[in-house]
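> What TrEMBL lists as domain 'CUE' is 244-287. Annotation source TrEMBL lists signal peptide at 1-27. Under the heading transmembrane segment, TrEMBL lists 57-77, 89-114, 120-141.
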Amino acid sequence: MAATGMRGAPTVKLWMMSLFCFGVVLAISPSWRQQLLRLRVYPYITRRWEFWRLATTLVGFPTITETLMALVLLYQLRIIERLFGTHKFVAFLFVSSVVGQVLSVIMVLTARFLSQRAFALVNTVAGGPYATIFACLYQFYAHVPAKQHVRVLGVVTVSDKWMAYVVAGNLTVARLPATLLPAVAGIAASLVYSANVAGLRLWRFPNPLADFTHRWVQPRLTSVPRRRQPALSSHAVPRPQTVVSEAVVAQLQAMFPATAHERIAQALAATGGDVDRAVSTLLNSSP
């Protein structure tokens, strides 16, 4: 995927900024880290009814190392917001966070009835938005096609998406076994969303709230590139036409099956072969 910064992904940009700020604060404040990120389903949820912990555990990571790995991973996953559109992506984050946390509690309670040993392993849930990030990772796996495949040592074939999976694996093993449950719950929540259970995929935040954020918040997170003034010259040299790869057109055709082949080729040519910008163009022009 072409590197185009955070263009078209204001929500991911705000999320990354928030994680960094909270990560710094939590790393230097053990008392806040203990209060906000510590989550044991029993007794905090089942006996004390401290449901607010299900929300506060999502605000950040307890260590700078985990925070940096999450930022690298989110930068790779920013294309999901471009594919969904900001309005749908924000709704997806909210739904997957809620469903992921609920599934985490259900899994812990199920383990308690099945085995005390399993319950002891999963009762402590790692602090951090693991469920939400892994929900995005599943959408990345399901909807973003690989552009290139490379054979390593002539044995293993990897795609250009390998970095996201490697970082996600390192993030998971950072604090095993506490990280395993929210990661699995996040993937399960993403599957529930994709299956449109109870119409979750169609849910959106109310239009007044969406209009407010679009008008007042999004412009402060979106950097508009400066346009160059065309040179006034009678001897202007025509730009060479961009050669559009049929392989890339086929990949975008799989992502936009209802869009004509010619329209995809035009979007790629207009953006100089930049796949991410072409995706944004197709999303903005789709009904």
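Placement of Cβ uses the backbone N, Cα and C atoms for every residue, glycine included.
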> Give the mean pLDDT for the domain 'CUE' (244-287) on the 0 to 100 scale.
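Mean pLDDT, the domain 'CUE' (244-287): 72.
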> With a Cβ cut-off under 8 Å, give me the same-chain residues at least six positions beyond the ends of the transmembrane segment (57-77) that come close to it.
12, 15-16, 18-20, 22-27, 33, 36-37, 39, 97, 101, 125, 127-129, 131-133, 136-137, 140, 161, 163-164, 167-168, 170-171, 174-175
> Could you tell me what the rest of the chain brings near the transmembrane segment (120-141), counting residues at least six beyond its ends with Cβ under 8 Å?
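For the transmembrane segment (120-141), the far contacts come to 19, 33, 36-42, 57-62, 66, 70, 73-74, 76-77, 79-80, 84, 92-93, 96-97, 100-101, 103-104, 107-108, 111-112, 161, 164-165, 168, 171-172, 175, 177-187, 189-191, 193-194.
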> Which residue counts does DSSP yield for the domain 'CUE' (244-287) in the helix, strand and coil classes, in that order?
31 helix, 0 strand, 13 coil
> How about long-range neighbours of the transmembrane segment (89-114): same chain, 6 or more residues beyond its ends, C-beta under 8 Å?
11, 15, 41-42, 45-46, 54-55, 57-58, 80-81, 121-123, 125, 129, 131-132, 134-136, 139, 181-182, 184-186, 188-190, 192-193, 200, 203-205, 213
